[in-house]
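What Swiss-Prot records for this protein:
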COMPBIAS  530-570  compositional bias 'Low complexity'
DOMAIN    81-468  domain 'Peptidase A1'
CARBOHYD  Asn180  N-linked glycosylation site
CARBOHYD  Asn190  N-linked glycosylation site
CARBOHYD  Asn219  N-linked glycosylation site
CARBOHYD  Asn229  N-linked glycosylation site
CARBOHYD  Asn232  N-linked glycosylation site
CARBOHYD  Asn286  N-linked glycosylation site
CARBOHYD  Asn346  N-linked glycosylation site
CARBOHYD  Asn471  N-linked glycosylation site
CARBOHYD  Asn517  N-linked glycosylation site
LIPID     Asn575  GPI-anchor amidated asparagine
Amino acid sequence: MKLSVLTFVVDALLVCSSIVDAGVTDFPSLPSNEVYVKMNFQKKYGSSFENALDDTKGRTRLMTRDDDYELVELTNQNSFYSVELDIGTPPQKVTVLVDTGSSDLWVTGSDNPYCSTKKKDTTGSSFKQVNKDALASVVESVFTEISYDTTIVTSEATATFDSTASTSQLIDCATYGTFNTSKSSTFNSNNTEFSIAYGDTTFASGTWGHDQLSLNDLNITGLSFAVANETNSTVGVLGIGLPGLESTYSGVSLSSVQKSYTYNNFPMVLKNSGVIKSTAYSLFANDSDSKHGTILFGAVDHGKYAGDLYTIPIINTLQHRGYKDPIQFQVTLQGLGTSKGDKEDNLTTLTTTKIPVLLDSGTTISYMPTELVKMLADQVGATYSSAYGYYIMDCIKEMEEESSIIFDFGGFYLSNWLSDFQLVTDSRSNICILGIAPQSDPTIILGDNFLANTYVVYDLDNMEISMAQANFSDDGEYIEIIESAVPSALKAPGYSSTWSTYESIVSGGNMFSTAANSSISYFASTSHSATSSSSSKGQKTQTSTTALSISKSTSSTSSTGMLSPTSSSSTRKENGGHNLNPPFFARFITAIFHHI
């Protein structure tokens, strides 16, 4: 879902509201020889969306390959992956964010009252100060650099937004583009309402419609989209989540006389038109230092992960609300632990309580229940700052003594360096923020700081997710089409042991011990040797398996093997952390520390 980097409180994942009927048209006309769609995106970080977008040196234009797939270029702004659409006749260019945490496509209308007539002067604040205490006053001058409206939430206030745009709330709409329906000869409005709100207090409302629509030469006309004639977000969204999360189905404001339904969103349109064979896609976000990554619709790239690819079911945490099928990408976390260095006696299990986890590419950092974050913070030496709601700690600089956070998803393990979850406050400071924030919600959100080290395949047809440790070495592509199931993926040992009800999080246990004679191998950073052209499609030869091996030969509570992601200068930052939105974030944190 689309969450601001500066979100202080995330109590609601997504709020959808009233829509009567979005309507569905014929499927698009797509080339019959295409079997998957490939999106290569660039990762950029800047003090604002506009500044990052202006940095276009070396940026590749959208293009179409002549062989068996479509190539679409994306850019990543503050952990948001964006793509440029052509809408209408004649075509108008509009940029939208690609989001796994929502399912609708909407664009900003040219009549949006929040749009300024020219790029916003950053001397004026675009933030509503709910509680003008001393802290808010200190950081106000820093916050003005963000060009979309949001609400700063303090302990004495709750997040709100109103639908009346004031001068201080105006946003720059020119950078990402708007859609003028009156200038398109082919636009058809359904005259039905669209409305959606996000956890960062951005919102959009307007009407549903249809028009000529394409991503470069990839014609996706027939995909329903909404034109937001009122939004406080600088950019629209291309949601690629489950159909149950479409606002026509899960909108909380649907009245009793408004029938809820699902429609064919972007991944479904690709399948039903024949451009891909399954409603599935894989995400390779690449490591935090890289400037590029990949989304494959309808395919998996075996060269982008290390070890085995394990499959687990998507779970339904909203069945009690009447949803018979899952509506968001949630899976079961069966254990959370840490390791210190390369010593096997330094393995620690924080909990084995089953907790729902949302995998969300639209969230920059990660969020966990308050009590679980406290367990983790105590283990890694972080202390809580009540001034702004995050844990702080010393930045990690000695790689040989580095700790890692280990996630048990059901008998297979994914590991991230602790420094991957650290946010550098200032290059001259040794203080880092733990990029796992506490929240009152009993679920977990794993955002970009987790996904950057994980290869994820979202199988919407089978309601499953497959994951493996990401492989950052440049070993070429081993792309295989996804048909009835994800090729080469193994069912996780704990596939059937899923979350069923919310429980209090209990500390302790041993997630590194399972049934007798079972063996799990884990590779945090593994390179693959190139395969010959005559080898089977998707096969790979592993040249290094030194990262991590967890051997389980008994059912006792002791564990054997080493748990340590391999050190690699190509995948690690020497300064002991990853800068989030520099230099803005550095100035924001520096201002806070000067105040407290």
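Cβ atoms here come from the backbone N, Cα and C positions, even for glycine.
Shown on the structure are the features that Swiss-Prot records.
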residue	record	DSSP (3 states)
Asn180	N-linked glycosylation site	coil
Asn190	N-linked glycosylation site	strand
Asn219	N-linked glycosylation site	strand
Asn229	N-linked glycosylation site	strand
Asn286	N-linked glycosylation site	coil
Asn346	N-linked glycosylation site	helix
Asn471	N-linked glycosylation site	coil
Measure from the Cα of Asn180 (N-linked glycosylation site) to the Cα of every one of the glycosylation sites Asn190, Asn229, Asn232, Asn286, Asn471, then give the nearest. Asn229
When distances run from the Cα of Asn219 (N-linked glycosylation site) to each of the glycosylation sites Asn190, Asn346, Asn471, the nearest one: Asn190
Of the glycosylation sites Asn229, Asn232, Asn286, which one sits closest to Asn471 (N-linked glycosylation site) when you measure Cα to Cα? Asn286
Select the closest residue to Asn190 (N-linked glycosylation site) from the following glycosylation sites, measuring between CA atoms: Asn229, Asn232, Asn346. Asn229
Specify the nearest of the glycosylation sites Asn229, Asn232, Asn346 to Asn286 (N-linked glycosylation site), where nearness means the distance between Cα atoms. Asn346
At a 10 A cut-off on CB-CB distances, which of the glycosylation sites Asn219, Asn229, Asn286 has the highest count? Asn286
Rounded Cα distance, in Å, between Asn229 (N-linked glycosylation site) and Asn346 (N-linked glycosylation site) is 56
Counting across all protein chains shown, how many other Cβ atoms sit within 10 Å of the Cβ of Asn180 (N-linked glycosylation site)? 15
Using the alpha carbons only, what distance in Å do you get between Asn346 (N-linked glycosylation site) and Asn232 (N-linked glycosylation site) once rounded? 48
For the glycosylation sites listed here (Asn190, Asn232, Asn346, Asn471), which one has the lowest count of neighbouring CB atoms within 10 Å of its own CB? Asn346
